[in-house]
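A short worksheet on the structure shown next.
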Amino acid sequence: MKIAIIQFGGTNCDMDVLHVLKDVVGVDAETVWYKEESLTGFDGVVVPGGFSYGDYLRAGAIAARTPIMDSIKKIASEGKPVLGICNGFQILTEARLLEGALTTNEYPKFRCHWTNLRVETANTPFTSKFRKGEVIKLPIAHMEGKFYAEEATLAELDENEQVVFRYVDEKGRLTDKANPNGSLENIAGIVNSSRNVLGLMPHPERASESILGSDEGRKVFESMADYITENF
């Protein structure tokens, strides 16, 4: 098993993800520069956080049009898992691998703090180690994290159980106060219709060891690794 961690100009969470995959979860992982045109030999992809190309035009817009994206789409089409974290989520929506868009926070400022999330489904390659309804704690760090989609798209995401994480309070309740960016329906993460592409704004790699304040994020990577082992 080998997982690719994609690096763009401005990516800054790649080494954190590499550490978690290799040293915490114990799987083979390797960084891949965006100019590469092939991901042959990789069984999964992580598109990490950062500020690719300075968020010019829109967050993720330039990265979504780089050479590596065709290979990421191919990986996804093969059913292999693709995980986009924060800027990675933005890139995946810009590349149309995921529905919706990430726009400027309702209160246009950078938000960096812990959030409570409710796991809406354990039926994905990334959440099999969670329980549906479980409340976990992960940090956010973004200015353009407000999830937006048309009403029909939101209804489809709900109907197909494609919403994976929602912002909640510590008791698991959906409240406006628990929503850090104004995301519609408190959405923090979604999967595609095939369920093998996940994007989320919170950072699981920053909550994968207890010394960081939470180790619940490691389950995202452990679930991903288990899925690859069982299917590829």
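Glycine too: its Cβ is placed from the backbone N, Cα and C atoms.
Cys86 (active site, nucleophile) counts 28 other C-beta atoms within 10 Å of its own C-beta, drawing on all protein chains shown. What Swiss-Prot lists as active site, nucleophile is Cys86.
Taken from Swiss-Prot, the feature active site applies to His203 (among others). According to DSSP, His203 (active site) is assigned to coil rather than to any helix or strand. Around His203 (active site), taking its Cβ as the centre, 23 other Cβ atoms fall within 10 Å, counting all chains.
The active site annotation in Swiss-Prot covers Glu205 (among others). Close to Glu205 (active site) in the fold, though at least 6 residues off in sequence, lie Cys13, Asp16, Val17, His19, Val20, Pro48, Ile85, Gly217, Phe221, each with a CB less than 8 Å from its CB.
What Swiss-Prot lists as domain 'Glutamine amidotransferase type-1' is 2-232, and the listing cites sequence analysis.
Counting in whole angstrom, His203 (active site) lies 7 from Cys86 (active site, nucleophile) by their C-alpha atoms.
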